[in-house]
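Contents: one structure, followed by commentary.
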Amino acid sequence: MKPYIGAIDQGTSSTRFILFDKNGDIVLSHQILLTQHHPHPGWVEHDGNEILESVNKCIQVVMKQYYENNFGTKEDIKAIGITNQRETTIVWDKKTSKPLNNAIVWCDTRTKDLVNYFNNKAKKLIDDNNIIDNNSKSTTVVDGAQGECKLESKNYLREKCGLPLSSYFSGLKLKWLFDNCESVREAYGRGDCLMGTIDSWLVWNLTGGKCHITDVTNASRTMLMNLKTLSWDKELCDFLEVPIEILPNIHSSSEIYGHVTMGDDEQQQQQHPLHGIPIAGVLGDQQAAMVGQMCFEKGQAKNTYGTGCFLLYNTGNDIVHSRNGLLTTVCYQFGKDSPPIYALEGGVAVAGSGVRWLIDNMGIAESSQEIEDLAKSVQDTGGMYFVPAFSGLFAPYWRDDARGVMVGLTHHTNRCHIARSVLESTCLQTFEVLDAMQKDSGNKLVELRVDGGMAKNNLLLQIQSDLLGLPVVKPISLETTCFGAAFAAGIATGVWKETMQFKIGGKFTPQLDENHKTQKLKEWKKAISKSLDWIDTKN
């Protein structure tokens, strides 16, 4: 049903372009896989030109089908939105629009030495100025009395940007590029260097170099934006030793930034299938999923079950600083005159990757479906637990010394119990992150909305509902990330209002009694304790 909204979903492993109708239903889509480059251990890169080519190819394929099937005219497409892999960082020459280096992907760990450097820099400033952590949940004890807790060096910038010092975020990647790439330094010296996350790179090129922008959600993942002012912060930039003048202009997540004007000359521009269409929505991928799930009320949350889990919890207009190591981020901002909505974010490192581990490493099954079937064939795990701390434990424990364990094994244990324990471990970790979010925010969760590849597993969602003691709801379409970007663009152009009916595809309600739930959580805590102190992190 006309009109239509398009959405570019530029992710870590692929690029997609999806066309939605006025009802929010998918009309057409195309996907292209991306090449990841690993020039050194721990390094992950993308070719910026390949990303652009994949976007254009997806658009061309969809638009060809659009016209061949008489869906409408170009004028029936009112806008496009963009959602993207967050934190991935690219720099380019503003005169040539050519990348000065491959994009450094969010999961790249090359900046770990910089993390140590900035931690030491922060520690000196903390010690010199005796800075206290006002958000700490623990205190030091001196002479039998509780005292104030000194700020940890990794949290030195957290009050302003909501993030700890980590190789994950864009600011350190930009610092690395300046330290290690002569082409970047030369372009900066000429006044020709621009930096951006992937959304900035796409908007710059789609508008023919007219718009150097990012939105508040992507900017909030750089460590360079002040959460209160929604602007680049000079103190943050100075601390991380990056030039503020090369950063994109920060805009809301829903407004017309520019129009598609792509091509080397006017003739090529006119021939682009989306020429003249407004670019009107930009959101980082996890925030886009929140919007796509219609999580607009304070206290609503979503979990994306993929390789790991990404959980976001809407805290409304409040900037909530976690006492459990969760991240504080911008959830969305619909229009430059609207107040921003904030969120707490937490992650589960091993979810779908735990299932892959059972298949690829342990040979327990040949497919994800077989894992689900095995898990369904038993009523419980037979008292065993799997703690997938392959690289330590994330929120709320933050223990680098932890490693994966299976505990509670007996002669009765078989591969069905192991399969079920892996699914349960994802749900137990999700419970702990959501529990921390509720404690930090002071709000009670009413239901959990879910998406991602693992959300197809109904047993997983039932277990999750049982452990949370809350309904778990999934939408009809699991393409919530793409729809979130389209929705932001649709709001900016008047296609949709700021609320839309959430289309339920499945609802799972608790079936586990409270005593069994309490016992299971108690045993999980015991299993967690067995995973600790495996690695000496001090040496």
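Using N, Cα and C of the backbone, Cβ positions are placed for all residues, glycine too.
Residues or ranges marked as substrate binding site in Swiss-Prot: Thr12, Arg86, Tyr168, Asp285. Under DSSP, Thr12 (substrate binding site) is assigned to coil, being neither helix nor strand in the three-state scheme. Long-range neighbours of Thr12 (substrate binding site) (same chain, six or more residues apart, CB within less than 8 Å of its CB): Leu34, Gln36, Gln85, Thr88, Val105, Trp106, Cys107.
Sequence annotations record features per position, and here Swiss-Prot assigns ATP binding site to Arg16, Thr307, Gly352, Gly453, Met454, Ala455, Lys456, Asn457 based on similarity to another entry. A C-beta separation below 8 Å, combined with a sequence spacing of at least six in one chain, links Thr307 (ATP binding site) to Ala351, Gly352, Ser353, Arg356.
Least packed by the Cβ count within 10 Å, out of the binding-site residues Gly352, Gly453, is Gly453. Comparing Asp285 (substrate binding site) with Arg16 (ATP binding site), their Cα atoms are 13 Å apart once rounded. In sequence order, Ile8, Asp9, Ser29, His30, Gln31, Ile32, Cys58, Cys482 make up the list of same-chain residues 6 or more apart from Arg16 (ATP binding site) whose Cβ falls under 8 Å from its Cβ.
For the substrate site, the Cβ centre of Thr12, Arg86, Tyr168, Asp285 serves as reference, and the other residues of the chain with Cβ at most 8 Å from it are Asn84, Gln85, Glu87, Thr88, Trp106, Cys107, Arg221, Gly284, Gln286. Here the binding-site residues are Arg86, Lys456, and the one with the most other Cβ atoms within 10 Å of its Cβ is Arg86. Met454 (ATP binding site) has a Cβ environment of 23 other Cβ atoms inside 10 Å. With Thr12, Arg86, Tyr168, Asp285 listed as the residues that bind substrate, the site has a largest C-alpha separation of 15 Å.
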